[in-house]
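*Asks:* Grabbed the feature section from Swiss-Prot, which reads as follows:
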type	residues	note
BINDING	19-26, 83-87, 137-140	GTP binding site
DOMAIN	10-285	domain 'tr-type G'
Amino acid sequence: MANKREFSLEKTRNIGIMAHIDAGKTTTTERILYYTGKIHKIGETHEGDSQMDWMEEEKERGITITSAATTAQWKDHRINIIDTPGHVDFTIEVERSLRVLDGAVTVLDAQSGVEPQTENVWRQAENYGVPRIVFVNKMDKIGANFDFSVKSLHERLNANAIAVQMPIGAEDQFEGVIDLFDMVADVYDEDKLGAKWETIPVPDEYKEEAESRREEMIEEIAEVDDDIMEKFLGGEEISNEELKAALRRATLDLKAFPVFAGSAFKNKGVQMMLDGVVDYLPSPLDVKPYIAHDKEGNEVELLADDNKPFAALAFKIATDPFVGRLTFIRVYTGSLKSGSYVLNASKNQRERVGRLLQMHANSRTEIPEVFSGDIAGAIGLKDTTTGDSLTDPAHPLILESLDIPAPVIQVSVEPKSKADRDKMDVALQKLTEEDPTFRAETNPETGETLISGMGELHLDIMVERMKREFNVEATIGEPQVAYRETFTVPTQAQGKFVRQSGGKGQYGDVWIEFTPNEGKGYEFEDAIVGGVVPREYIPSVDAGLQEAMKNGVLAGYPLIDVKAKLYDGSYHEVDSSEAAFKVAASLALKNAASKAGAVILEPIMKVQVIAPEEYLGDVMGSITARRGQMEGMEDRAGAKVINAMVPLSEMFGYATTLRSSTQGRGTFTMVMDHYSPCPKSIQAEIIKKRGGNA
């Protein structure tokens with residue numbers, strides 16, 4: 001079976017390209033595809049013509065939204081690349097890609113170093129144990145500073161970044177890079193789009209600095225590898241092969257992160273970074289075996305082996321204009337031919353894979369079979385959704401699913417006509433299938449459709465997609481914040497439901513202790529002794545509470561972070577039922593509300609604003625006026641970086657305010673940080689607006 005493989009597992013790399021928005025990630029991916037022979041014309045993101053940014057919305061905005069998977073070849077290796085979005089509204093795409101990658105390239109902007117979204121994606125990569133190399137991009141930009149960028153990796157991410165190159169010049173003097181292993185300089189020919197470069201001895205004016213940086217690099221590698229340290233201290237000669245092998249081991253163990261320099265836009269340094277992908281990032285054989293669970297819940301290690309039973313994870317659903325519903329899969333073990341049946345173990349359903357495709361940003365090649373370690377697109381899977389496990393029908397396994405964050409912002413959408421209503425229903429069903437952080441629901445009282453997501457941009461793009469892909473004309477309401485409610489004071493309450501109406505009555509009686517459970521969500525404890533509430537009714541009490549908590553106690557927002565301990569109650573031999581105990585539990589919650597110090601929680605965003613110093617006063621004033629708490633300030637490349645915590649409700653329309661107050665020179669990013677109680681006056685306003693119970 002294995003002989004049909006085009007590339008061995010050792011020569012396969014599954015990598016992601018991750019970065020802050022505008023660090024040049026898509027351009028970097030473009031160049032990789034250009035040099036590996038996958039595209040013949042280079043597309044520029046800022047001209048709206050990039051091969052990877054294949055959805056119309058991305059072309060218009062010049063940002064990457066969907067992680068398009070694409071395949072390239074470099075030095076007899078196959079590199080599968082997942083392009084991930086750098087905008088925080090699309091964090092689920094990043095999480096989703098990290099689940100299926102073996103390694104990643106983090107792209108930094110040489111002028112800015114580590115930025116807020118870099119921190120986010122770096123943390124997520126740490127979470128999934130993904131080895132990384134770093135590409136310091138935009139070395140040709142004014143203010144580019146390689147050493148500052150390396151330092152920011154150490155200081156802001158606590159990452160052991162080891163520079164394996166030294167740039168030759170910077171800004172408009174950036175000519176190429178010096179390889180600190182081979183001690184040669186790669187100098188680029190300006191006219192040949194960077195496809196041509198010359199390897200020359202290190203120029204005299206750089207020799208001394210390059211020698212000292214090489215020494216520093218060897219010392220840093222020695223610190224993460226005992227064998228090298230021994231030779232280093234003993235003054236022995238250490239070969240480049242030994243150094244590279246040690247750095248590879250340290251990178252795979254997340255003890256080191258090799259750093260490269262270049263300018264993707266000017267086509268410099270990308271090829272050496274590709275060598276780094278091959279030299280330092282893992283093949284599917286180098287990563288820890290993926291852990292799945294069998295039907296009994298036992299752990300099963302999935303080794304990358306074509307001869308084992310098939311197991312794969314569906315990590316993305318896309319609606320492709322040419323082939324319809326496309327499921328991106330990562331194969332962990334075994335192989336699969338097109339036309340075969342698989343078991344969707346998450347839903348316990350058999351599905352047939354019609355065709356298998358190898359994806360290039362928005363074109364595709366049909367392939368007869370996929371093998372372990374491959375990433376491919378499958379057509380024909382009708383019921384499979386993001387995070388589902390696809391396995392050999394004779395060996396069902398569940399691969400752990402994705403951790404999906406709850407949406408923080410909501411808007412109402414009103415179709416313009418009856419025909420639009422029908423189209424909108426279809427559109428929302430497709431879009432929610434594709435993106436688990438996008439939700440659509442109908443308010444049972446008002447009948448209006450509400451969509452919720454990770455931020456204003458996220459919802460804007462979904463509405464645009466409804467219009468463009470499904471021809472839905474709709475009116476969009478004002479954005480609403482996804483508030484939550486919680487209890488702040490421990491309390492006990494009874495919920496008793498008795499109904500007598502001829503024949504069989506209803507009887508349920510519970511005493512529940514409610515305590516605040518900050519940051520831990522809802523927990524239920526059964527503390528019943530002596531059977532005062534029979535075993536079979538206890539799950540109904542839990543279910544009744546969870547159901548009641550969905551609509552809160554103050555203004556109809558979900559109640560979170562509460563521990564409920566069922567400790568007493570009573571039942572009736574004939575009249576008690578699961579339904580009665582469900583109602584009793586919801587009554588206990590209602591009765592507790594007035595004594596439990598119920599409050600409304602609002603989402604607090606971690607906001608970072610970058611603006612020239614002359615606008616500092618305006619920016620800080622504007623943040624304070626929005627109930628923002630300053631968290632600190634730093635200097636960065638001639639600008640001030642302001643960190644603050646600001647309630648989401650105050651951030652609507654901030655982009656416009658910032659643009660006008662800084663004459664378009666200020667930028668900001670925000671990411672959800674935590675929930676915090678609203679000030680009393682704002683809470684009263686929210687309750688009044690929602691017609692709740694103050």
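Glycine residues also receive a Cβ, built from the backbone N, Cα and C atoms like all the rest.
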*Asks:* Helix, strand or coil at Ala19 (GTP binding site), per DSSP?
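*Replies:* Its secondary structure by DSSP: strand.
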*Asks:* Starting from the Cβ of Ala19 (GTP binding site), draw a 10 Å sphere and report how many other Cβ atoms land inside it.
*Replies:* 27
*Asks:* I'd like the Cβ neighbour count for Met139 (GTP binding site), meaning other Cβ atoms within 10 Å of its Cβ, all protein chains included.
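*Replies:* Met139 (GTP binding site) is surrounded by 31 other Cβ atoms within 10 Å.
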*Asks:* According to DSSP, which kind of secondary structure is Met139 (GTP binding site) found in, if we only use helix, strand and coil?
*Replies:* coil
